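Straight from TrEMBL, the features:
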TRANSMEM  23-43  transmembrane segment
TRANSMEM  63-85  transmembrane segment
TRANSMEM  92-111  transmembrane segment
TRANSMEM  117-143  transmembrane segment
TRANSMEM  163-182  transmembrane segment
TRANSMEM  194-213  transmembrane segment
TRANSMEM  310-330  transmembrane segment
TRANSMEM  350-369  transmembrane segment
TRANSMEM  390-417  transmembrane segment
TRANSMEM  423-443  transmembrane segment
Amino acid sequence: MAETVSPSAITTMLVPISPDGGWGWVVVAGTFFVHVFADGFVYSLGVLVDALITEFNSDNTVAAMIISMLTGLTLGCGPLASAICNKFGCRVTTIIGAIISMTGCAASYFAAEMWHIIISVGVVMGVGCGLMYCPAIIAVTMYFEKHFLIQKYHEFDCRRRSLATGIAVTGAGVGTVVFSTINEFVISSYGWRAVFLVFVGAFALCIVCGSTFRPLPFQEVSDGTEADDVFVAKKPDDSKMRHATILLFRSTGSLRRGSTSTTATLETLHEIREAGGDEPKEVDADNATGSNMRQTIAKMMSLSLLLDPVYLLFAAANLLTSVGFNSPLYFLPLHAVKGVGLDAATASRLLSVFGICNTLGRIFFGVVADRKLPLPRGFGGDVARNRLWMYNLTLTLCGLLTTFSFLCSDFITLAIYSGSFGFLISAYICLTSVVLVDLLGLAKLTNAFGLLLLWQVISFLKCSLF
């Protein structure tokens, strides 16, 4: 039987329960290919931009406007994507984004002026990619959650979260390598319009990938709040347990019910004991799903997160990081051609170097971030702290590399810079959502991540336009 815990020390939580252990890895595969196709288009856009400038007799300012709008709306749709995820689930959100992106690609094929491209790529595809990017990140993080009260019987655990996220987001690096090469071949053989036909098919496959993000069952469990009080649920008996199968991420805010001054953490659990399984309380579906998206967005845009000093500092760091994140990637091929004097085919290989190293980096940091590090005096024993230090150190090194990138004067030095930057910046991609969970907890992930993307928009717009 369970140890007795005073009612005042218990609050209830809705905990995501994976309906099928192996399906979490199917979700990882689905998000991987969403990143291959969606991020592959965004990151390989630098190869296409030069052809558009030539075709429409435009200049770099207009090209920068396309890039800034595409990137800005991809991130700026974060709160909207989170709200739709909360209301309808990640599957529906991703499919809607894929259909919108297909529409933008189809419209771009018939573009006759540069402003047509600005609207179809910058606006339409920006919204579409934004509705795919946010749920693709959140889905993996949620599927690899294991609440401490049922950790003994739940197949997945948060120690695999960094690895799963790292594998999923490697799709961006793979997409950069594949589509930078494909785009160059298609442009030289069939013209730039054919590139958009290729991506119509690619985004159609995103519909299939998004279909793997099936709704996740939730179970209500009790959470002891005192460090000395331990309550661990017994492996649930299906005949006694009542699942409220609600859509993934449909909560309008925190998954907690009730109020408490403190909450138990993994560190406060001294032991694991099997307990008799009383039937959990029936989940109030109305409270869990929320009444409408307006309430979701209003709660997300409230001051609750912005008054949290931890989140505020992390968001400010992300804002500054985003200033220099995409500019090297977008303008490296252009600099290689016009600044260094390389031909277009050779310049496109720099993106391939970036993509390969970025892919390797995402796998590397995804694996290492889940493990204790053999550092002296036990400094590597705290996995969450290790992730935060990796996150900060890699971003610092990326800044130093970019500061001295003006010294690169040939393909070899540009390739070294591109590969080093790609490898190190991968930590920023695969660890952001994981570090957010470490700092704020899983209950705040959807709203915090969506709002964080909105913060990044300001930086991306500034660095692209100026």
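Note that the numbers count up from 1, one per residue, in the order the chain is shown.
Here the Cβ of each residue, glycine as well, is placed from N, Cα and C on the backbone.
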Using a Cβ cut-off under 8 Å, which residues of the same chain at least 6 positions beyond either end of the transmembrane segment (310-330) come close to it?
43, 45-46, 49, 67, 71, 351, 354, 395, 398-399, 402, 405, 417-418, 421, 425, 428, 432, 435-436, 439-440, 448, 451-452, 455-456, 458-460, 462-464
Could you give the residue numbers and ranges of same-chain residues that sit at least 6 residues beyond the transmembrane segment (163-182) on either side and whose C-beta is under 8 angstroms from one of its C-beta atoms?
24-25, 28, 31-41, 43-44, 46-47, 136-137, 140-141, 143-144, 198, 348, 351-352, 354-367, 369-370, 422, 426, 429-431, 433-434
Positions whose Cβ lies under 8 angstroms from the transmembrane segment (23-43), at least six residues beyond its ends:
70-71, 74, 94, 101, 125, 129, 132-133, 136-137, 139-140, 143-144, 155-156, 164, 167-172, 174-176, 178-180, 199, 202-203, 205-206, 209-214, 329, 351, 355
Any chance you could find the range in 63-85, 92-111, 350-369, 390-417 with the most Cβ pairs under 8 Å to the transmembrane segment (423-443)?
350-369
